[in-house]
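Presented below is the structure to which this report refers.
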Amino acid sequence: METTTTERRRLFATEMVGGRAAATVAAGILLVLYYRATRVPAAGEGRAAWLGMAAAELWFAVYWVIAQSVRWRPFRRRTFRDRLAERYEQNLPGVDIFVCTADPQSEPPSLVISTILSVMAYNYPSEKISVYLSDDGGSILTFYALWEASIFAKKWLPFCKRYNIEPRSPAAYFSESKVHHNLCIPKEWALIKNLYEEMRERIDTATMSGKIPEEMKLKHKGFDEWNSDFTLKNHQPIVQILIDGKNRNAIDDDRNVLPTLVYVAREKRPQYHHNFKAGALNALIRVSSVISDSPVILNVDCDMYSNNSDSIRDALCFFLDEEMGQKIGFVQYPQIFNNMTQNDIYGNSFNVEMCGLDSVGGCLYIGTGCFHRREILCGRIFSKDYKENWNRGIKERGKENINEIEEKATSLVTCTYEHRTQWGNDIGVKYGFPAEDIITGLAIHCRGWESAFINPKRAAFLGLAPSTLAQNILQHKRWSEGNLTIFLSKYCSFLFGHGKIKLQLQMGYCICGLWAANSLPTLYYVTLYGLYEALLSGDTLKGWWNGQRMWMVKSITSYLYGFIDTIRKCVGMSKMSFEVTAKVSGHDEAKRYEQEILEFGSSSPEYVIIATVALLNFVCLVGGLSQIMAGVWNMPWNVFLPQAILCGMIVFINMPIYEAMFLRKDNGRIPTAVTLASIGFTTTAAVGEGEYGRQGGVQIPFQAATVAAGKLLVLYYRATHMPAGGEGRAAWVGMEAAEVMYTVGRPVVCPVRRRTFKDRLAERLPTFKQLFTTISLNTFNMSFGACMKKKLDIFVCTADPHSEPPSLVISTVVSVMAYNYPSKKLRVYLSDDGGSILTFYALWEASVYNIEPRPPAAFFVESEGHHNLCTPKEWSFIKILIDGKSQNVVDDDGNVLPSLVYMAREKRPQYHHNFKSWAMNALICNNPIILNVDCDMYSNNSDSIRGTLCFFLDEEMGHKIGFVQYPQNYNNMTKNNIYGNSLLVLNEADIYEIEEKAKSLATCTCEHRTQWGNEIEIKYGCTIIFTELAINCRGWESVYINPQRAALLGVGPATLAQTILQRKRWGHPSIPRDYESMGYTLRICIILYEALLSGDTLKGCWNGQRMWMVRRITSYLYDLIDTIRKLLGLSKMTFAVTAKVSNRDEAKRYKQEIIELGSSYPEYVIIVIVALLNLVCLVEVILCGMIVITSIPIYEAMFLRKDKGRIPSSVTLASLGFVMLAFLIKY
């Protein structure tokens, strides 16, 4: 009875989903290895190829063992927001929301502001929300879009809360107008829609023309920051507070306080490295510390809008749980894409592994949709005696006006601020790695904190998945490059986490660290992976098939280039860069994307690899079948059939590539130059094979695992049938090496599903009301009651108004400002690393939009004096657009608005800006909880904050959780997922003093000689994952939560090129499921079961299998090469931003689930070669089968017939003798 009572009072519940028994798989692996070891061919009989297959299978066996570590006891979390409201409703912590953008072209401003508006509209007290947009593109277009959003927020936030609409991203909401129209008064609905469309039209027009109307520049002082000396990579820091949530005049149309909205464009100078996204996040951390200083930070990508307005409350259920909340350092939501096709054509989902990681002490911090305690981002080590000050935050301005605050914040985002400090090392997001999120999360866990993963029924965030293959490959190249760099550094989880985190968690971090390492054996041993697991995860059959294709494409393009870039950077041959993924697409691209047609419309070098691989497989299949029919090959069926089946599957999976090469006529087809180059490479390979055969070489079969023998039998066969020297041994050894790697590659985790009880969270809040006291911000040993005044800072980062349109950014900002959470406890910070006046303008529009309709023509006037497009990244500033502490800052309902701050950190050429990490560190403030979101990830669930608090405030486990991670969901995902992408108390103050103070924190020199980006805040030099690693290594745990209604929704790549780019950056769209062909039947069943259990569809699972293969032979391979080059000093770290935009044709093909291959990417050559090789082999099997079928009467005459017309026994015996003699001669 006591246990039942305790469980009833918890703010969140953890359920054991039940792991999978891997004994049968392990037995199969051992049998394959034994078979390889005992059947090594004699010298000269294909031994080299045999050993290669055995080595590959051995590697996969090792990787499989590593991947099993997180799949034994999966968790499922749920929160009780009602309990949260009961206990803490009057004392909710402030939340700072970070949204990052980098390129207004790839991340259109209209997309960014959609995310901004969604997080501003959380079901949470507006005065406790602060939204920060980091514009690493320093674009005036992004600033303009944010300014527009700041105005529109006065209308949008009251509308959202009055009718409790979902999602609260205006772009997403009005796109579902038929669903939501009847929920509110038609006239009011039409008015708000017209106001939004007019604002979006003004922003899009300004973005297309690159000019801001002169009359608009007179409406806010922030536009003056963009002068003639402003350039992309050489500009001063900008911090503009567009909405000061502490200003009583910052109110919406209902007289409610608006969230704080801040634009940040950190300083950039050529001589200083800006550390990409990690630098942007660190800049936001610092800027928010002088503006809102909320204890909770949420960071979201600019294309991941809030889809669940209760996401903050869900996260707080973890942080505020009385039993466990003190352990939780962060709460992670899943990364879900709203543009995912039904069958996930680009294979973007990885929720199964996140639930498994959650069960072993902490899920990964994936860089978006994650709620952090501010203290853990500042390097705090977990201690049982530590009590979080949930009441922390800037409540009063004192004598500082908004200009002084902006000036102070600007000094914190200069290029030199972090010099000789621990920023990017022990403080903030880690630097030096493209995967700063992974390493930061690891550091948190190593400091003793735990984390929680929550996947609510309504997704907390929805984003945009890559809609083109090129973008998907780019994205995964970036991921795999960062993860491999971490694995090969001193921050390898086995070294950095030794003695600090559990061995299972150390192995779990290695799963993604070895993504790129799987590329080489994959090229040698291409096979299919988990249809069953994909279906179990809710994928469709076509989506699973698309995933197989995209796995292969990304493996031979994104990961290959990522590997090469990493090696070049390690040896000093190149520098780290950040390629922004486009968030917009043309009309034709969008149309093809909706039709799920792969987009190949550009002459990308990756496409050459894809096309060549597909053609080689086709040629091999056709050639093999023809030689069987011609009698050239004399091999038993049990040797030839497995290879033919495997090759045929690869050919079949590459059918869209063949269509793009020879049949399609649209702009998304593979360019003729790519096709011709691939044919040339394929012809060269075929001629070389023929010459080798005529010189006496033995044709070595590409052995595939049979259904009965499984993985171990394949390894055993490779080891015992090694060819003699000079007779194909090299190829044989290569095949065996690939098979060994695939043997270890089967990940089996115990997923955890979390759900929060926001009702319980609300129930407990009043219980401690009498304990609240005023406590110094420097006091850490405070009463328990003081910990219950939770405030939340929301960080939104953007970098380029072209890649991340300001209209998209402000949509995200407004969505997080409208959380179902006390507005006075929300602070929204927009870090504009692009330093764009367009972004600032968009944020301003979102903060101060009034009811009077404005004619669009007034905004379309072009001025000769407008700034040139080349200037958006030259400098940055901080502006508090909404001061949530001011009693005058209210919405149309008279409610206090969340604070809204714009920050553009200083950038100088001589200072590295550390990308998103610095932007995040610059935003970090003093509120106990920070939510950081990308500028394209709008809030889709207004209760996300409350859901997060269910983890932090849980009495039993909350004190261990360092951060709560929400999934990265995409709202532009096609039906079948073609690319497999499965708050502060109101106080009156002068906001301008705070702006000036915040400016000082965003200068290039602010982090100079400090621990920012090292021991403090988000780590520099890596991706977000590294920051999570640091948090985990400090003892914190994390939580991954994926509510039913997505907390955030973003924009995923809509073309194949963008998908490859994204996966190249990440390493892989999901934890690699090395579902190699060992024990194939059992493997498929297990994979499909997991996929269906996770909500995937059969078609989506199939798409995942395709993308698994594509990524292995493209993205991972390139990433492996890049990593080696970086280790050797031949290149430096770069950051490739996945495009969030696509043209109309690409989008149309994407929606139709047609893979986009319309550019000459070198990765496409590998894909096409593999596809063609397997097609050739399949044709050989078909021809051989036809010969057998036509010869059935002969078999009957030899063995079955009894009449006198049968073949004489002497003839039959003689034939058998000749056949046996042929076998003896051959073997």
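Heads up, the Cβ atoms here are built off N, Cα and C, so glycines get one too.
DSSP classifies Asp136 (active site) as coil under the three-state reduction. The active site feature in TrEMBL is assigned to Asp136 (among others).
Per TrEMBL, the feature active site maps to Asp437 (among others). Neighbours of Asp437 (active site), defined as other CB atoms within 10 A of its CB across all chains, total 40. In the three-state DSSP reading, Asp437 (active site) counts as helix.
Per TrEMBL, UDP-alpha-D-glucose binding site is recorded for Glu107, Asp136. Counting Cβ atoms from all protein chains shown, Asp136 (active site) has 47 others lying within 10 Å of its own Cβ.
For Lys277, Asp301, the entry in TrEMBL reads Mn(2+) binding site. According to its DSSP assignment, Asp301 (Mn(2+) binding site) is in a strand.
Look at TrEMBL and you will find 12-35 (among others) tagged as transmembrane segment.
TrEMBL lists 47-67 (among others) with the feature transmembrane segment.
According to TrEMBL, the feature transmembrane segment maps to 607-633 (among others).
Here TrEMBL flags 639-658 (among others) as transmembrane segment.
Among the features that TrEMBL reports, transmembrane segment is placed at 1164-1195 (among others). Residues 469, 523, 526, 549, 552-553, 556-557, 560, 600, 604, 606-629, 640-641, 643-655, 657-658, 661, 670, 674, 677-678, 681-682, 685, 702, 1109-1110, 1113-1114, 1117, 1157, 1207 of the same chain, all 6+ positions outside the transmembrane segment (1164-1195), place their C-beta atoms under 8 angstroms from a C-beta of that stretch.
What TrEMBL lists as transmembrane segment is 1207-1225 (among others).
One residue stands out among the binding-site residues Glu107, Asp301 for having the most other Cβ atoms within 10 Å of its Cβ: Glu107. Checked against Glu107 (UDP-alpha-D-glucose binding site) by C-alpha proximity, the recorded positions Asp136, Lys277, Asp437 yield Asp136 as the nearest. The distance from the Cα of Asp301 (Mn(2+) binding site) to the Cα of Asp437 (active site) comes to 12 Å. On a Cα basis, Lys277 (Mn(2+) binding site) lies 9 Å away from Asp437 (active site). In this structure, Glu107 (UDP-alpha-D-glucose binding site) belongs to neither helix nor strand by DSSP; it is coil. The two recorded residues, Asp136 (active site) and Lys277 (Mn(2+) binding site), show a Cα separation of 8 Å.
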